[in-house]
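Have a look at the structure below before the remarks.
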Amino acid sequence: MINRLLNNLTSFFTDNRWLFSTNHKDIGTLYLIFGGFSGIIGTIFSMIIRLELAAPGSQILSGNSQLYNVIITAHAFVMIFFFVMPVMIGGFGNWFVPLMIGAPDMAFPRLNNISFWLLPPSLFLLLCSSLVEFGAGTGWTVYPPLSSIVAHSGGSVDLAIFSLHLAGISSLLGAINFITTIFNMRVPGLSMHKLPLFVWSVLITAFLLLFSLPVLAGAITMLLTDRNFNTSFFDPSGGGDPILYQHLFWFFGHPEVYILILPAFGIVSQIIGTFSNKSIFGYIGMVYAMLSIAVLGFIVWAHHMYTVGLDVDTRAYFTAATMMIAVPTGIKIFSWIATLWGGQIVRKTPLLFVIGFLILFTLGGLTGIVLSNAGLDIMLHDTYYVVAHFHYVLSMGAVFAFFAGFYYWFWKISGYTYNEMYGNVHFWLMFIGVNLTFFPMHFVGLAGMPRRIPDYPDNYYYWNILSSFGSIISSVSVIVFFYLIYLAFNNNNTPKLIKLVHSIFAPYINTLSKNLLTFASIKSTSDSSFFKFSKFFIFFMVSLSVLFIFYDSLLCLNDHTNSWKIGFQDPTTPIAYGIIKLHDHILFFLAVILFVVGYLLLSTYKKFYYGSLNNDLPESKRISLFDTLINTYKENLSFNVTNRTYNINHGTTIEIIWTILPAFILLFIAVPSFALLYAMDEIIDPVLTVKVIGHQWYWSYEYSDYSVVYSNRMLDYDSIDRFAAMEMMYKGMGYLKDRSLLSYLYIPMVIPETTIKFDSYMIHEAELNLGDLRLLKTDMPLFLPKNTHIRLLITSSDVLHSWAVPSFGVKVDAVPGRLNQTSLYLKNTGTFYGQCSELCGVNHAFMPIEVYVVNPVYFYNYVYIYFKNFNLI
């Protein structure tokens with residue numbers, strides 16, 4: 001078998017058809033094979049991540065936090081640059097764009113070849129970067145100073161940068177090729193408004209690549225020179241600013257999200273048009289919705305940076321601009337549903353993946369509305385809520401669309417047909433697996449669990465084990481997928497319709513149509529196996545739900561109910577109360593939208609499913625709901641312009657309706673969002689100022705204006721009896737010695753011109769006392785008074801950190817060279833915990849925040865006694 005494999009590899013590299021090919025179909029096939037290989041690597045990385053997070057403590061990585069950081073970095077790079085982009089743009093784009101526009105090939109065939117062959121060495125460099133010294137553990141954002149020569153002194157980050165450069169050049173060359181091909185090589189008569197929607201999506205994606213990738217190239221080149229040539233673009237010690245890198249990166253990074261999802265939109269449009277036996281509803285609206293998404297995608301980049309210290313007006317602008325993207329996205333969702341309504345729905349594997357895409361992408365988009373609010377994002381930034389959001393958009397958006405397109409075009413590409421039953425098994429396993437993996441992440445994110453950590457407090461255990469179990473199901477679905485391909489190529493089931501694979505579209509090349517691929521070869525076969533399988537899975541899902549509800553109800557009887565917490569931590573500041581109230585307000589509207597989308601999909605499927613295109617569809621069924629609505633009010637749909645009468649067709653009217661309605665919903669969401677945002681920015685004259693400094697191992701705190709605050713400003717003289725009990729306690733602890741506690745009440749603090757400074761380290765698990773919380777207990781907590789206006793000044797001494805306490809509603813980045821500030825007004829006493837939520841090296845999971853909120857009557861005296869005992873005063 002090994003000799004056979006070596007012979008195949010040798011023949012591959014000596015066969016000019018593949019190595020030096022200029023045929024767009026062969027190059028597209030190479031992209032698909034390369035993307036599949038990269039997808040396996042990325043899936044393995046994701047499985048390692050989920051196995052490590054299956055339980056608290058070290059599971060499979062032996063406590064190597066840097067290795068965990070390297071794996072999450074490689075997982076993101078591989079999935080984005082070497083799986084989704086190659087298969088969606090390079091694979092399907094190369095295969096079908098020339099065919100859909102009637103072109104003999106791409107405009108620059110040799111350029112097409114080199115654009116592919118830049119990807120394997122790029123992937124090789126990325127994988128090598130993981131093996132050089134300790135690897136590149138920077139996250140896919142590669143933020144400095146963590147990516148600087150001080151924090152990553154080896155060549156790993158340099159290799160990762162070179163890998164990104166090669167992948168970027170490959171994408172730029174491909175984008176130029178697609179733009180030239182689509183503009184110059186269409187058959188005569190095929191205008192831009194007659195292009196298939198998949199071609200439009202690839203064209204818009206190519207422009208996004210052309211405008212965004214040079215910015216990324218500039219950012220990582222400046223980072224490279226900072227690391228190796230002593231420049232200081234992002235080094236605060238030399239006058240640079242690490243936030244500049246974030247602006248440059250996200251100017252590329254957010255359009256990159258639409259680079260990944262726009263080809264998916266095109267694929268979904270093709271499949272829905274085919275399997276509903278209808279043309280796409282609102283074609284022009286769909287095109288301009290994609291154009292609007294592309295334009296808006298360039299002006300919303302800073303919604304990834306709400307916590308870095310942007311002023312309130314800037315955050316308000318990016319909140320509004322980000323919300324606007326929901327309008328064209330909603331147009332596309334409802335246009336797809338309108339296409340299905342009134343059609344002749346054929347239930348095949350591609351359509352199953354498309355319906356799954358519609359439901360799950362809608363859910364991911366709605367959580368994006370939540371995160372677009374600068375006020376809410378303060379609580380959710382860099383938590384697993386964000387991870388859940390973008391995986392619902394990508395893992396269940398782009399990837400589901402890829403599988404839909406793969407099954408849809410499989411026989412057109414390979415000449416073989418796949419087993420429909422295994423295709424359905426693949427869909428259901430993947431649908432269940434990805435939901436079980438990512439839906440619980442919303443709950444741990446709301447509870448404040450930081451992302452990109454290899455270890456977590458025990459309270460997050462149950463949701464994480466559920467996510468890890470879901471990832472195993474998803475991996476099984478991938479195995480089923482590759483087994484399906486194996487069966488397709490080894491069962492000799494070539495359909496009779498296909499004579500020559502590479503000339504399959506020849507009879508259709510010059511057909512002037514909005515969609516050259518609306519034809520389909522769907523056999524009229526029995527679906528009995530599918531129905532049996534569907535019944536089994538429905539029974540399985542219902543049984544699993546019943547068992548889960550029963551198990552959850554049993555958990556309510558013991559002490560572990562907090563581990564299944566599905567909401568925010570208990571608030572203790574007015575800001576935290578406001579954030580939770582705003583979240584509930586927004587969630588109501590989003591739940592209604594999700595219900596409407598789900599109801600429309602289910603009712604459409606129930607009403608218009610006919611099993612096969614060969615069945616006759618009663619004419620009464622072809623009248624859509626939207627036609628009925630419009631015909632009712634047809635008399636009111638005309639208007640005069642310059643003495644001419646124009647009738648608004650049903651597509652335009654409906655699109656106007658579902659453009660205005662989402663805009664009104666966004667308005668209802670935006671008004672309280674802006675009110676909360678500006679309220680959060682108000683800093684009342686503080687009684688106490690605390691400076692917070694982040695380090696890679698610990699936090700430092702300074703009561704910087706302690707010397708000007710006197711204890712008797714805040715005393716409640718009716719509470720003197722409490723001090724008698726406190727005095728006995730302190731004397732028992734050896735703090736007061738011979739002095740009375742009451743002597744501290746009536747005289748100013750005896751520490752004029754003194755600033756209290758102390759460091760706060762995590763207490764390791766072996767040193768914890770009974771009842772202490774693992775990963776959250778510190779040796780020196782921060783003391784803050786209740787019902788007092790407090791100002792926090794936050795900065796960093798080395799890399800980026802984030803001071804985040806969920807119960808306070810506070811999350812502020814600690815940036816070297818900057819001094820960010822926020823205000824606190826604490827309403828409850830108690831002990832509150834938080835963690836650093838920014839990736840800051842190997843110690844990311846080991847920088848807890850412990851805050852004691854005490855009664856102001858006791859605060860100054862208690863602080864003085866406590867720190868005097870540790871010789872800090």
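Just so you know, glycine gets a Cβ as well, placed from its N, Cα and C.
Per Swiss-Prot, the candidate among Pro440, Pro450, Pro454, Pro457 that belongs to the Ca(2+) site alongside Glu52, Ala55, Gly57 is Pro454. Of the listed binding-site residues, namely Gly57, Pro454, the sparsest Cβ surroundings within 10 Å are found at Gly57. Counting only the Cα atoms, the space from Tyr258 (O2 binding site) to His304 (Cu cation B binding site) is about 15 angstrom. In sequence order, Leu146, Gly694, Gln696, Val799, Leu800, His801, Met847 make up the list of same-chain residues 6 or more apart from Cys840 (Cu cation A binding site) whose Cβ falls under 8 Å from its Cβ.
Listed in sequence order, His254, Phe318, Thr319, Thr322, Leu371, Ser372, Ala374, Asp377 are the same-chain residues at least 6 apart in sequence whose CB falls under 8 Å from the CB of His303 (Cu cation B binding site). Ranking the binding-site residues Ala55, Cys836 by the number of CB atoms within 10 A of their own CB puts Cys836 at the top. Per-residue pLDDT, averaged across the region 'COX1' (1-474), gives 92. For the binding-site residues His304, Cys836, His844, a Cα to Cα distance of within 10 angstroms from Pro454 (Ca(2+) binding site) holds for His844. Other residues of the chain with a Cβ within 8 Å of the Cβ centroid of His801, Cys836, Cys840, His844, the Cu cation A site, are Gly694, Gln696, Val799, Leu800, Ser802, Ser837, Glu838, Leu839, Gly841, Asn843, Met847. The binding-site residues recorded for this entry are His304, Cys836, His844, and the Cα of His844 lies nearest to that of Ala55 (Ca(2+) binding site). Residue pair Gly57 (Ca(2+) binding site) / His844 (Cu cation A binding site) shows a Cα separation of 14 Å.
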